[in-house]
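Enquirer: Before I ask anything, let me first share the structure, which is written out below as structure tokens.
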Amino acid sequence: MLVTTYLAIIFLLALCVGLEITARRLTPPQSTPTAVANPAFRRFQSIFLRAYLLALWADWLQGPYLYKLYRHYSFLESQIAILYVCGLASCVLFAPFSGWLPQALGRRQTCLLFCLSYSACCLTKLSRDYFVLIVGRVLGGLSTSLLTTSFEAWYVYRHVDVHDFPKEWIPSTFTKAATWNHGLAVGAGLVANLLAEWLHLGPVAPFLLAVPCLLCCGWVVLTDWGKEEAEGGPEGGKQTLLLGTPNGGVTRLSAKARFSRSCHEGLRCLMSDRRVMLLGGVQALFESVLYIFVFLWTPVLDPHGPPLGIVFSCLMAASMAGSLLYRLATSTRYRLQPGHVLCLAVLMAFFSLFMLTFSTAPGQPRPHESFLAFLLLELACGLYFPAVSFLQGRVIPEEKRAGVLAWFRLPLNLLACLGLLALHGEVSGTGGGEGGSGTRHMFGGCAIMMLAALMAVVSLFTLGRNDTDLRLEGTRGEGEMY
């Protein structure tokens, strides 16, 4: 496995370079010339990306060795499953508040809260106490929820309401962030492997490195963002919305009322449009399987001795290759529709999970086949995320998107929690031992969920066969963010 892993990372990085060169040749960047030439916008974009990319880097550093750290502390697989469930459950609990906090506390203050909570989460990894680790997972769930909302909320507010830049310039910033995000993920695996295995600092080392990265992120938010707000105009702590009433009066909505209204409108949109319902079903099924995969890949491969940091980089490079293949598939040369790419991604994910039900058979593990299946699953992820992002942008109205996506995340996290609890129950039922059939059964269940997602995709495009909203009209797909 050691040689296979190093050969795989060399091949995947070369593949990504080749695909990037081809993609740039066939799909030249469509950045707005005015945005590129505008020094005020470029300065504002740079200030945002400095903090945001530091936050993403700190987040990725914690990926390769989380499960390995818990095993290093001699916890059983069933106990580790509960730790993961605590993280997912906290995501469910904090997801509503993560949308409300930037409006209530202020967007910059919420980003600072993220830096503090995630630093505390990393520091809890120094403890071997199970309760302290549970607290760390809860803090991690809060931090993950804030990462997905607070930074974007600050940027969009300053971009539109303060600087009055055109909304059409927003995707250029997040496309640039997505491009960096893939590279950061691959680099994080290499750096984590350097610290944990090559320098023999142990699996806790990447978490400790994340702390100064988060403190640097907080410093940028406190100083550079503070200066930007001082120059462009500060934002208030509590936000209110003015709505007209039928009698000509005005009603003030607090941040809490705005959030409640957003969730209510999102639920109405979800229930009234079958396309949105089916798309939500696809997202819940596909991404809940990914959460379960995040838990299972380490115990499947680690007994066979691969460097986990390099394995993580291979997985992220495969995802990057999938994203580049999406750009090529939807280019003017090939003109595949995002819906077709989504169907292909779900089919590939189903096939990889089907492979895993055989490669993880008790007593007959085939780690090379499992590794190949994991790479195929990550390749499918790279195709899936830009395709589903494009479709969400087309079928969900922009003003209702935040509320609808909040409802999408609820079944997603619940399904992942139920899957991990089922694995915990099966392992506990065998006395807490490792190497049983629980992992194989879990992959079989995930394959069934992916088959259901495939049926939902087919139903979606059968329903909207002649729907222009689901078709790509330009030269390349939208929403290429991972």
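Keep in mind that glycine also has a Cβ here, set from the backbone N, Cα and C atoms.
Automatic, uncurated: that is what TrEMBL annotation is.
When I checked TrEMBL for this same protein, it listed these features:
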SIGNAL    1-18  signal peptide
TRANSMEM  47-67  transmembrane segment
TRANSMEM  79-101  transmembrane segment
TRANSMEM  138-157  transmembrane segment
TRANSMEM  204-222  transmembrane segment
TRANSMEM  276-297  transmembrane segment
TRANSMEM  309-329  transmembrane segment
TRANSMEM  341-359  transmembrane segment
TRANSMEM  371-391  transmembrane segment
TRANSMEM  403-422  transmembrane segment
TRANSMEM  442-463  transmembrane segment
Enquirer: Can at least 3 Cβ pairs under 8 A be found between the transmembrane segment (442-463) and the transmembrane segment (341-359), with each pair 6 or more apart in sequence?
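Expert: Contact between the transmembrane segment (341-359) and the transmembrane segment (442-463): present, because at least 3 Cβ pairs are under 8 Å.
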Enquirer: Which sequence positions outside the transmembrane segment (204-222), separated from its termini by at least 6 residues, show Cβ-Cβ distances below 8 Å to it?
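Expert: Cβ under 8 Å, 6 or more out: 47, 50-51, 54-55, 57-59, 61-62, 64-65, 69, 72, 108, 111-112, 115-116, 118-119, 122-123, 125-126, 188, 191-192, 195-196, 309.
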Enquirer: Return yes if the transmembrane segment (341-359) and the transmembrane segment (276-297) have at least 3 CB pairs under 8 Å (sequence gap of 6 or more), otherwise no.
Expert: yes
Enquirer: By Cβ distance under 8 Å, which residues at least 6 away from the ends of the transmembrane segment (276-297) in the same chain are close to it?
Expert: 63, 67, 80-81, 84, 88, 269-270, 311, 315, 342, 346, 349, 353, 374, 377, 381, 384, 388, 391-392, 395-396, 404, 407-408, 411-416, 419-420, 423, 439, 442-443, 446, 449-450, 452-453, 456-457, 459-460, 463
